[in-house]
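Trainee: One structure coming up, written as structure tokens, with questions to follow.
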Amino acid sequence: MKFRAVPVGSDGIRLAAMESALTARDRVGVQDFVLLENFTSEAAFIENLRKRFKENLIYTYIGSVLVSVNPYKDLEIYTKQHMERYRGVSFYEVSPHLYAIADNAYRSLRTERKDQCILISGESGAGKTEATKKVLQYYAVTCPASEQVETIKDRLLQSNPVLEAFGNAKTLRNDNSSRFGKYMDVQFDYKGAPIGGHILNYLLEKSRVVHQNHGERNFHIFYQLLEGGEEDLLRRLGLEKSPHQYQYLVKGQCAKVSSINDKSDWKGVRRALSVINFSDNEVEDLLSIVASVLHLGNVQFAADEEGSAQVTTENQIKYLARLLGVEGSLLREALTHKKIIAKGEELVSPLNLEQAAYARDALAKAIYGRTFSWLVGKINKSLAYKETERLGWRSSASVLGLLDIYGFEVFQHNSFEQFCINYCNEKLQQLFIELTLKSEQEEYEAEGIAWEPVQYFNNKIICDLVEEKFKGIISVLDEECLRPGDATDTTFLVKLEETIKNHPHFLTHKLADAKTRKSLGREEFRLQHYAGDVTYNVAGFLDKNNDLLFRNLKEAMCNSENPIVNQCFDRAELTDKKRPETAVTQFKNSLAKLMEILMSKDPSYIRCIKPNDAKQAGRFDEVLIRHQVKYLGLMENLRVRRAGFAYRRKYEVFLQRYKSLCPETWPTWDGRPHDGVAVLVKHLGYKQEEFKMGRTKIFIRFPKTLFATEDSLEIRKQSLATKLQAGWRGYYRRKKFRQMKLSAITIQSWWRGTLGRRKAAKKKRAVETVRRFIKGFIYRNYARCPENEYFLDYIRYSFLMNLKRNLPRNVLDKSWPVPPPSLREASQLLRDLCMQNMVWSYCKRISPEWKLQLEQKVVASEIFKGKKDNYPQSVPRLFLNTRLGSEEINAKILQVLGNETLKVSEPRRLFGPGSGALKEGRKEAKLAQKGWPGWKLPLFPAAPRSLLSGGCFRHCGNLLLGFSLLLSVCRSRDQVRPQRLQGPSPAAAAHSECNSAG
């Protein structure tokens, strides 16, 4: 689900709505608890948290302290765009966010050149580890970078997966709970780029290696190795895939967790090890140690006849000897015997089953704990700052610290680890209150405002109860661990009752009244911490505090051929006769050093809250949250912050935000900001008890005063927005009009210039043309020369174009344009070529049948032209093919015709006015001339030569009519195209008619 952020303003950086409207405050609460009207009410505090949590607003301020509620789901509020939104922006100008704390600390580091630290605390599962990752990612993205810096950034980021694998585990409250405290220093150069880092670890929960509560797991690395390790690697380490084969992994009966992907996490760890500069051999040695811890847990013992422990799992000893690089016999002897040096003599005594099991578990815890410390040292070497620039002040590095440490823990059964963790939180709370009060007091003094004493619970009394010399719980515990005799957890409790029985914050079963004894066991004591009462069971306190490892086990490990084990177990321990410090003393000393480090830096705080134990998104458990609000000291912090004034801002910032509410300060104030704020608050009607004017800041005592000012600003914004919009629109339109006008003038100017240049060029060309034409006309009768070549070319071109438009249409068209004198010869050649082309084209279009008709007409013309009066009328008529062939005529008739003398009849009888043949011939000629639709002229075969030369002229009227018709058709060829018709030829028809007449 996406994070429902308030809308982003037009500048893309500031959020438009800062919960200033009253309706917004009612819906999502206030973004700073300091602005709560009823700040002393825990119910009002939790209700504000609930409102914001329902709107996915998981961050809220208490002044400069950030309260973070784990949403148990992914929110899209950690993108690169969000990082840029908070980068370089004033702390209160944007909504509360982790990035705002990170950026504010970074800018203070760079501008003030003073070391900073961010303290992240909270209950297991509240999101401390994730918050640390987000802070590191913010610096990795937003800080300046180079090739060397990128390497450091990668190593800083990749150190987290490795430390989580070896130091985190699944608990009842958190699937990725940090079982150690971590303080990381990040070093920045003068450019603000990260150039190195250093990590300090505190109180690793080594007891988890050998024992886990029901529903919990061992450290992640064991399961990741078994689930994700390659077959060849597991074979070399002597391991199997199933976690149920190893005693150290089955105590909690929770080897598989649906929310954890061990195989994928294993790949991330291997990749991170390579980035941190681990060699392949170092990785192999490190994994050999991890595997040896698993094999060590499978070592079993059995008692012999004398009750001494003997190893029964030789196979495990062989694996351990190979993985740890020690002799098997020496390791077996060390696990079943104890070596004591008394008065310079070595005494070896066998161990019983219980002692052997203790020695085995102690060795497993020692190996894993020291390896974890070695791993942190190895990471520190890869992060070490190597000074490459020795330029005076430039070689110095500023430091920003990140403290990710366990929060206050209250379980059903609380033991030694919870005692140390809660002691640590008491110290941090003490530091927190001191620094908060100190910063408040310093700010008041710097601004010249009287400091008012603040009533708060000072937990120094509890810290002294735990750490006071000779009288504190730690001193009593160490004394019991060191004193000779039979010291037990019970004697420790008795000694506590004798030493601090009168302390008001300490209670045991013996010291309690009858009613309280019902809730206290005889092996328990109760401390009244600042966060509430916690009952501790003393079982295991002495053993865990001693953390002893038998001498012969140390000797065996000092002789190890595994380089890492050899570095973890120093031979100097064997010769050092001084008893090593107890676990709680070591933790106390390291905690004191941590306090010194934090006191030397300017702190920022992130308080993480877990909304429910079921890890469900959207579920708000009020009882659980009230408990965390109490032990995180949030109400105490709020009371300290609100003891004086709820709101404070620099004059410049306050005036810039609210100047629009006063006519005298709007839109600009030319005087001092102090004077401008004085005028502004007077106009707003602030009462004297509601505010104070400091040297550089204004202090407002009551949130309602600020809310009233904010509401007035919201109303004023509407009118200002209207004016700004109107002004902007007018400005924008005027600017756009000026741009358009300037553009139009520019275009018009350019176009007019273009037209003028075109017109001038055209005139120039015209003048040149006229001049050349006139000169050519003058020299037109001369031979071709430069003076007349243009004129002659023009005359030639004009004649040819005129000729093109007026060419003859056909061979009978005799028209031709008159050529100029210089082109007469060429004109005649063109005319001849044109006529030849038309004749050729005409002849090409004549069909063979039509050609035959023309040939017959030519023959008829030679015979009859000038000899017959009616010959011209017969020319248009086509010859009809009506003559019978010789094969169609009876032989007797042919014989008679051949012997008969030719007789010519009188034409008037054939072609007279009343003759039908003449009428028919004229009718056909007229139809042919008119091009009657659908009328087709027949094409006939040639007339037989006997018709011309055989003396058969007695009946030739039809033949003459045919020639007349053919000539008429030739004249009208453009209207009628001759086509082939069926029927006898005209010559045959004429011959037949002559014969019938004869």
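Backbone N, Cα and C define each Cβ position, glycine as well.
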Trainee: What range among 201-221, 915-935, 978-998 does TrEMBL describe as region 'Disordered'?
Mentor: 978-998
Trainee: Quick one: sort out which of 39-61, 591-613, 614-636 is the region 'Actin-binding' according to TrEMBL.
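Mentor: The listed stretch tagged region 'Actin-binding' in TrEMBL is 591-613.
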Trainee: Could you put numbers on the helix, strand and coil content of the region 'Actin-binding' (591-613), residue by residue per DSSP?
Mentor: 9 helix, 8 strand, 6 coil
Trainee: Inside 8 A of the center formed by the CB atoms of Gly122, Glu123, Ser124, Gly125, Ala126, Gly127, Lys128, Thr129, which other residues of the chain have their CB, for the recorded ATP site?
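Mentor: For the ATP site the neighbour list reads Asn70, Asn174, Ser177, Gly407, Cys608, Lys610.
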Trainee: Once near-sequence residues are set aside, which residues in the chain of Gly127 (ATP binding site), 6 or more away, have Cβ atoms under 8 Å from its Cβ?
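Mentor: Counting only residues 6 or more apart in sequence, the Cβ neighbours of Gly127 (ATP binding site) under 8 Å are Ser68, Asn70, Cys608, Lys610.
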Trainee: By a simple count of other Cβ atoms within 10 Å, which of Gly122, Gly125, the binding-site residues in the record, is least packed?
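Mentor: Counting other Cβ atoms within 10 Å of each of the binding-site residues Gly122, Gly125, the minimum falls on Gly125.
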Trainee: Which chain-mates of Glu123 (ATP binding site) that are at least 6 residues away have a CB under 8 A from its CB, listed by sequence?
Mentor: Arg173, Gly407, Phe408, Glu409, Cys608, Ile609, Lys610, Gln628
